[in-house]
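The heme c 1 binding site annotation in TrEMBL covers CYS81, CYS84, HIS85. The feature heme c 2 binding site is assigned by TrEMBL to CYS228, CYS231, HIS232. The heme c 3 binding site annotation in TrEMBL covers CYS362, CYS365, HIS366. Look at TrEMBL and you will find 67-170, 213-326, 349-439 tagged as domain 'Cytochrome c'. Feature annotation from TrEMBL assigns signal peptide to 1-30.
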Amino acid sequence: MIRKTMMKRFAGVFTAGALTLMGAAAWAQSATSPAGTAVSPVPTRTVPAVAVEGGAQPPAANDPQAQLVKQGEYLARAADCAACHTAPKGQPFAGGLPIASPIGTIYSTNITPDKGTGIGSYSLEDFDKAVRHGIAKNGATLYPAMPYTSYAKVRPADIKALYAYFMNGVPPVAQTNKSTDIPWPMSMRWPLSIWRKMFAPAVVADTASTDRDPISRGRYLVEGLAHCSACHTPRGVAFQEKALTDDSTAFLSGGVVDNFLAKNLRGDVTDGLGSWSEADITAFLKAGRNDHSAAFGGMSDVVQHSTQHMNDDDLAAIAKYLKTLKPVDPNAKALAYDDTVAKALRTGAGKGNGALTFLDNCAACHRSTGKGYTQTFPTLALSATVNSTDPTSLIHIVLRGAEMPWTKTAPTHYAMPGFDDRLTDQDVADVLTFVRSSWGNQAPAVTVAQVAKVRKAVGAAAQPQR
Ligand code: HEC
Ligand code: HEC
Ligand code: HEC
């Protein structure tokens with residue numbers, strides 16, 4: 001299902017952007033991002049991609065081609081190609097997933113080796129051109145919904161393995177591509193080539209691998225194949241990621257995707273990963289949860305389909321690299337637990353609507369201490385998710401609920417119910433304001449207007465009438 005509301009909301013902004021794009025190429029350098037443009041051309045991930053089975057057979061150790069195919073399969077998981085190129089209930093990699101963009105719906109394409117409708121006739125060069133340069137075989141520039149600005153960092157040797165996998169390890173499926181629903185003149189592709197020239201980084205050459213150094217390996221995966229920044233980096237006025245490398249503290253400092261905040265992954269102690277250890281990060285990417293938090297929204301799918309399949313060395317490398325990212329705000333002080341509110345909740349002293357709503361709807365799982373139950377119901381006290389300035393994720397999860405990913409490491413996954421038909425916008429604002437100011441948390445209040453906006457955008461039930 002695609003999010004029409006999101007498209008409508010941003011259509012105005014983007015139309016202006018697209019038209020400007022057609023007129024001149026120079027505007028973006030000087031433009032600053034207006035409020036509310038933090039939409040990105042990454043897809044709706046509410047529909048889990050079909051698991052990729054039936055690909056390559058276990059390779060014989062002495063067969064180099066089979067080894068290459070196997071390696072390509074691993075890289076395709078790390079790059080999560082299936083997430084976008086598999087439609088709900090569709091054949092793996094046959095395309096057709098609708099991706100809401102601000103100017104209309106884009107459909108991912110068939111990348112199975114079918115000769116007629118897929119990429120069966122693509123040479124290695126054609127494949128490379130699409131994946132790393134963003135240029136289709138017919139010369140047209142691809143929409144940046146295909147994260148080629150990240151894949152530009154993938155080394156040619158890995159592209160070769162990916163190509164071997166897609167040609168030999170993926171069964172061909174005959175399924176014709178759907179054309180976009182984008183109306184003319186916005187459907188013209190030449191402005192996309194201007195975008196590409198302005199924002200896409202140079203593709204990397206086949207340099208000697210630095211993978212023995214875990215930090216370099218982590219950077220390689222995060223910036224390139226795993227395209228973490230496609231969601232976690234804020235976008236500018238032309239929907240370009242504000243940074244593609246750690247030269248700027250904007251890189252991985254948080255972006256809104258599909259009405260979730262893909263939060264700050266930098267070293268910030270209040271809302272980033274400053275208080276997470278490398279082992280915490282690795283556990284989160286492998287199991288989908290740790291003592292601090294549990295994955296939800298788009299991240300739940302990323303863990304389920306991509307990161308849980310990565311090997312321990314690669315996960316450790318990602319964690320090590322993320323821990324090198326300097327905080328956006330180096331002066332912020334770490335939060336400390338405060339038991340005043342927990343005591344007050346127990347004695348029943350002076351309760352407002354926020355505290356009462358919490359006791360009635362949330363405390364059974366997250367407890368009056370706000371500490372929840374480790375690895376089962378995540379802590380709300382001192383949580384970086386709860387203390388993020390932008391409350392989009394919190395409102396979204398309270399209205400619609402959430403489900404942890406299914407992982408091999410943590411097969412029992414827990415869910416949180418949605419409260420859209422039980423709590424009014426005022427109740428949600430009050431309970432979240434309460435949560436964000438209790439137990440040592442220090443985050444700004446949530447307003448009724450913010451809740452109403454997310455309720456509409458995520459297609460939640462209307463407020464209950466009282
Ligand atoms: C975040 C979503 C997303 C991910 C992840 C993604 N793609 Fe794509 N890809 C797209 C979309 C959307 C298009 C079509 C763009 C267009 O029509 O302009 C596309 C187009 C392509 C094309 C061009 C096909 C053609 O018909 O010319 C190839 C090849 C491709 N992707 C391969 C890959 C591979 C390989 C991976 C993993 C390494 C991958 N994609 C990951 C969204 C994605
Ligand atoms: C499709 C979008 C998307 C991609 C791609 C993505 N993330 Fe996320 N990520 C999110 C969202 C949304 C959240 C917030 C929900 C949550 O905390 O689970 C999140 C949360 C996280 C968290 C939890 C932080 C906390 O304090 O709770 C970590 C760690 C993380 N992502 C790491 C990564 C890494 C590393 C990558 C690349 C391998 C990545 N993400 C790729 C969307 C994405
Ligand atoms: C039935 C138990 C249950 C109830 C009741 C419940 N939650 Fe949750 N909550 C969970 C679970 C399970 C998760 C993890 C979901 C996931 O990761 O997909 C969660 C996650 C969260 C998170 C994200 C925390 C993080 O760091 O990942 C917030 C915020 C939250 N809940 C707030 C609330 C509020 C506010 C209420 C009351 C309106 C509430 N919850 C009621 C079980 C519950």
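Numbers run from 1 along the shown chain.
From the backbone N, Cα and C atoms, a Cβ is placed for every residue, glycine too.
Distribution of TrEMBL features across the structure.
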residue: CYS81; record: heme c 1 binding site; contacts (Cβ under 8 Å, 6+ apart): PHE93, ILE111, LEU162
residue: HIS85; record: heme c 1 binding site; contacts (Cβ under 8 Å, 6+ apart): PHE93, ALA94, GLY95, LEU97, SER108, THR109, ASN110, ILE111
residue: CYS228; record: heme c 2 binding site; contacts (Cβ under 8 Å, 6+ apart): VAL222, LEU252, LEU265
residue: HIS232; record: heme c 2 binding site; contacts (Cβ under 8 Å, 6+ apart): LEU252, SER253, GLY254, GLY255, ALA262, LYS263, ASN264, LEU265
residue: CYS362; record: heme c 3 binding site; contacts (Cβ under 8 Å, 6+ apart): VAL431, VAL435
residue: CYS365; record: heme c 3 binding site; contacts (Cβ under 8 Å, 6+ apart): GLY372, TYR373, PHE377, MET416
residue: HIS366; record: heme c 3 binding site; contacts (Cβ under 8 Å, 6+ apart): GLY372, PHE377, PRO378, THR379, LEU380
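In the three-state DSSP assignment, the secondary structure recorded for CYS365 (heme c 3 binding site) is helix. Here the domain 'Cytochrome c' (349-439) is broken down by DSSP into helix, strand and coil counts: 33 helix, 6 strand, 52 coil. Between CYS84 (heme c 1 binding site) and CYS231 (heme c 2 binding site), the C-alpha separation comes to 14 Å. Highlighted here are the binding-site residues (CYS81, CYS84, HIS232, CYS362, HIS366) whose C-beta falls below 6 Å from ligand 1: CYS81, CYS84, in sequence order. In the predicted model, residues of the domain 'Cytochrome c' (349-439) average a pLDDT of 96. Filtering HIS85, CYS231, CYS362, CYS365 by Cβ distance to ligand 2 (under 6 A) retains the following binding-site residues: CYS231.
Each residue in PHE358, ASN361, ALA363, ALA364, ARG367, GLY372, PHE377, LEU380, MET416 lies on the same chain as CYS362, CYS365, HIS366 and has a C-beta within 8 Å of the C-beta centroid of that heme c 3 site, without being one of the site residues. Secondary structure at CYS228 (heme c 2 binding site), as computed by DSSP, is coil. Cβ proximity to the heme c 2 site centre (mean Cβ of CYS228, CYS231, HIS232, cutoff 8 Å) flags the following additional same-chain residues: HIS227, SER229, ALA230, THR233, LEU252, GLY255, ALA262, LEU265. Shown for the domain 'Cytochrome c' (67-170): DSSP residue counts in helix, strand and coil, namely 45 helix, 12 strand, 47 coil. Mapped onto DSSP classes, the domain 'Cytochrome c' (213-326) shows 48 helix, 10 strand, 56 coil. Less than 6 Å separates the Cβ from ligand 3 in the case of CYS362, CYS365, drawn from the binding-site residues CYS84, HIS85, CYS362, CYS365 in sequence order.
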